[in-house]
Amino acid sequence: MTSWPPRIVIRRSSGLRTMESALVRSGLGPVAGVDEAGRGACAGPLVVAACVLAPKPYPALARLDDSKKLTERTREELFPAITRLAVAWSVVSFPAEEVDRMGVHVANIEGMRRAVAGLSTTPGYVLTDGFRVPGLPAPSLPVIGGDAAAACIAAASVLAKVSRDRVMVAMDETHPGYGFAIHKGYNTPAHLTALEKLGPCPEHRRSWSNVAALIHRVDNSSGSAR
């Protein structure tokens, strides 16, 4: 009888495919990896991706790693390779307004559910990056630092990151002045300076403390001026 989660010896030094291979050998494949991009940003969408890779080596994906460790150019080069070679992949997005309404953690969990549900292949097991996701259609295991430990999570992290970055570059055209194409909505000094100067745009998350504080100051200033 298989225990849940199964007891597997994982040697991270053996490479990114070790975890999936162990699960597949235990009869638990196909294995899906899930990851997000934009959780900590104060502007733009939260994007979640799921990906299933076949349990075999892919020379075209040799550079696969945690998307945050890769250059933008490498991520862009890996993106079409992942979408071409993956058994299945799925990307879902929650706009800023929906993140505010749901809360970022709830949106993240729901995004992971939707991304897995959107796969064209039903996974036998799901690896998530960092925390438990209830309500998935298959047994799952949270993996701390999963995007650097499992290839399917690393692939999902690239899909989510590239998809979101492209949205932020386009957003820079519709909302100029904030530098979205550069900082991608994260709280960099340049972004915070632009936010103070221009005020929030519709793509800023009102539930974020720095955005909410700015709105509060503006409202108070407007009230005292009347």
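The backbone N, Cα and C atoms fix where each Cβ goes, glycine too.
Taken verbatim from Swiss-Prot:
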- 29-220: domain 'RNase H type-2' (DOMAIN)
- D35, E36, D129: divalent metal cation binding site (BINDING)
D129 (divalent metal cation binding site) falls, by DSSP collapsed to helix, strand or coil, into strand
Looking only at Cβ atoms, how many others are within 10 Å of the one on D129 (divalent metal cation binding site)?
25
Within 8 Å of the Cβ centre of D35, E36, D129, which other residues of the chain have their Cβ, at the recorded divalent metal cation site?
V34, A37, V48, A49, M112, T128, G130, G146, D147, I153, A156, S157, A160
Of all the binding-site residues given, D35, E36, which residue's CB has the most CB neighbours within 10 A?
D35
Under DSSP, is D35 (divalent metal cation binding site) part of a helix or a strand, or is it coil?
strand
